[in-house]
Amino acid sequence: MPLHDRIVGHFQASAQSKLDAADALAPRIEQGARLLVHSLAQGGKILACGNGGSAADAQHFASEMLNRFEQERPGLAALALTTDTSTLTSIANDYAYDQVFARQVKALGQPGDVLLAISTSGNSANVLQAVAAAHARSMQVIALTGRSGGGLAEQIDDGDVCICVPAESTARIQEIHLLTIHCLCDAVDSLLLGVEE
């Protein structure tokens, strides 16, 4: 296959995956946005975590909340647990890599806060540990995952939200995760700024 056609094929597959997932994910994304707004309105904060590309997504989300998305507004309390290399490496060295997010959640999380837990497979041990720590702190969880949802989907409690991308390709799941993050940011702004309803 010519390289040009291969590239165009990726664009087409990405667009089709997004269209195929839209109706299934929209209610979950709306539910997640309302959960975020409720927490923020009560003085809560959002902690976000993930590995690799999901770590980048966690940072992207936190930056959109702290700064702004597409509307002018005050900054919103959000923190990516993926950015402090001294903290991450000290926890990994002194305890275990699967504790790098959970120990931060235990230290920073408060009842009423929300954890945005991102894992393409749903099986990242450190993300699963973070969810357990969040539940122990009476926090709610928004799980952003794919495929069958893995162990992450199994950890969801009442009041949590699982946004599980119905795709098998890691690239397609990650692309839809980014779109989902943008949808969450837009929905939060719409709810806070009175654009919604």
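Here, residue 1 is simply the first one shown, and the rest follow in order.
Glycine residues also receive a Cβ, built from the backbone N, Cα and C atoms like all the rest.
The structure displayed is predicted, hence computed values, not measured ones.
Pulled from Swiss-Prot:
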DOMAIN    36-197  domain 'SIS'
BINDING   ASN51, GLY52, GLY53, GLU64, ASN93, ASP94, SER119, THR120, SER121, SER124, GLN174  substrate binding site
BINDING   HIS60, GLU64, GLN174, HIS182  Zn(2+) binding site
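Shown on the structure are the features that Swiss-Prot records.
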residue: ASN51; record: substrate binding site; Cβ neighbours (10 Å): 20
residue: GLY53; record: substrate binding site; Cβ neighbours (10 Å): 17
residue: HIS60; record: Zn(2+) binding site; Cβ neighbours (10 Å): 17
residue: GLU64; record: Zn(2+) binding site; Cβ neighbours (10 Å): 20
residue: ASN93; record: substrate binding site; Cβ neighbours (10 Å): 9
residue: SER119; record: substrate binding site; Cβ neighbours (10 Å): 29
residue: SER121; record: substrate binding site; Cβ neighbours (10 Å): 18
residue: GLN174; record: substrate binding site; Cβ neighbours (10 Å): 20
residue: HIS182; record: Zn(2+) binding site; Cβ neighbours (10 Å): 16
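Comparing Cα positions, HIS182 (Zn(2+) binding site) lies closest to GLN174 out of the binding-site residues ASN51, GLY53, ASN93, SER121, GLN174.
Calculated from their C-alpha atoms, the gap between GLN174 (substrate binding site) and HIS60 (Zn(2+) binding site) amounts to 13 Å. A gap of 13 Å separates the Cα atoms of ASN51 (substrate binding site) and HIS60 (Zn(2+) binding site). Here the C-alpha separation of GLY53 (substrate binding site) and HIS60 (Zn(2+) binding site) works out to 10 Å. When the binding-site residues ASN93, SER119, SER121 are compared by Cα distance to HIS60 (Zn(2+) binding site), the shortest distance belongs to SER119.
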